[in-house]
Amino acid sequence: MSEKTDLSELRRGTELVKRGFARMQKGGVIMDVVDAEQARIAEDAGAVAVMALESVPADIRKRGGVARMPDPDIVPEIIDEVSIPAMGKSRIGHTKEAEILESLGVDMIDESEVLTPADDRYHIDKRHFTAPFVCGARNLQEALRRIDEGAAMIRTKGEAGTGDVNQAVHHQRNIKSSIRELVGKSYEERERWARDHEAPAELVHETAEMGRLPVVNFAAGGIATPADAALMMHHGCDGIFVGSGVFGAENPRAMGRAIVEAVNNWDDPDELAQIASNPGKGMKGEANADLSEGEKLQTRGV
């Protein structure tokens, strides 16, 4: 006699379900929001999901201090305001912030380097949560470590809050280049690569056989214009996270719509030219080259 299937387990919490939810966001734009009003603007602009946080990354940079999870009073307001999925950011290694966000009902948790890390050595063990996680990565080995911990989605770290897409491009190219390298290696060479890069061997082999990451891979960090979003899609990303680029712009509604349209038409230069002329002035931005090592967020959590 076959074992009885637990339908509640199938609906939520399994690795298959968590990765499936992440795949449902593919081809879309996820926007950072700090309150219900911004969440409404994001949904009206065509976002596939919103990400709740205390402040957008550009404001976190300006303000300094300790950046934490969003106010627990604000999260339910954001969830109730929109019909699209609502996500929330937690600090790296802060298991309790993640548990609170899950209890509040968020659809996904971003263990984010944008917030002040709670643990300099360890990330959250994401396998035991029912909510899926997204994590940032600068290269393939970081991405595979996060997937091994239970991440259902990877995103480039980029350099959040700068409006400079340079590092997001760099990180995406790093990941794709390493995957191409692995595809051409023998079993023994992949095992050696896994040891040398402190990456889980099983995932190294799986990635090489698939020719891509085992989970969806979004772009994030410094995306500030429709052209930036289209560029990251050109480089093979599955979708886009954007925060300061929308609500730091002169006209957030128009910029949000334009970025969504750019993702939908990333391979049509004529359409992109029309889209890029509509949203008005973007955020001011700060060049990555001007940042000191201490000002870089991407180095948090390896």
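A Cβ is built for glycine as well, from the same backbone N, Cα and C atoms used for every other residue.
Remember, predicted model here, so these are calculated numbers, not experimental data.
Residue density at Asp32 (D-ribose 5-phosphate binding site): 29 other Cβ atoms are found within 10 A of its Cβ, drawing on all protein chains shown. A strand conformation is recorded for Asp32 (D-ribose 5-phosphate binding site) in the three-state DSSP classification. Summarising the annotation, Swiss-Prot assigns D-ribose 5-phosphate binding site to Asp32, Gly161, Gly222, Gly243, Ser244 and lists sequence analysis as the type of evidence.
Mapped onto three states, the DSSP output places Lys89 (active site, schiff-base intermediate with D-ribose 5-phosphate) in strand. Positions annotated as active site, schiff-base intermediate with D-ribose 5-phosphate by Swiss-Prot: Lys89.
Under the heading D-glyceraldehyde 3-phosphate binding site, Swiss-Prot lists Arg173. If you take the C-beta of Arg173 (D-glyceraldehyde 3-phosphate binding site) and look for same-chain residues 6 or more apart in sequence within under 8 angstroms, you find His235.
Residues or ranges marked as region 'Disordered' by Swiss-Prot: 276-302.
Summarising the annotation, Swiss-Prot assigns compositional bias 'Basic and acidic residues' to 293-302.
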- Task: Measure from the Cβ of Gly161 (D-ribose 5-phosphate binding site) and count the other Cβ atoms within 10 Å, all protein chains considered.
- Result: 27
- Gly222 (D-ribose 5-phosphate binding site), number of other Cβ atoms within 10 Å: 31
- Taking the recorded positions one at a time (Lys89, Gly243), which has its Cβ surrounded by the most other Cβ atoms within 10 Å? Gly243
- Including all protein chains shown, what's the count of other C-beta atoms within 10 A of the C-beta of Ser244 (D-ribose 5-phosphate binding site)? 26
- Query: What three-state class does DSSP give Gly222 (D-ribose 5-phosphate binding site)?
  - Reply: coil
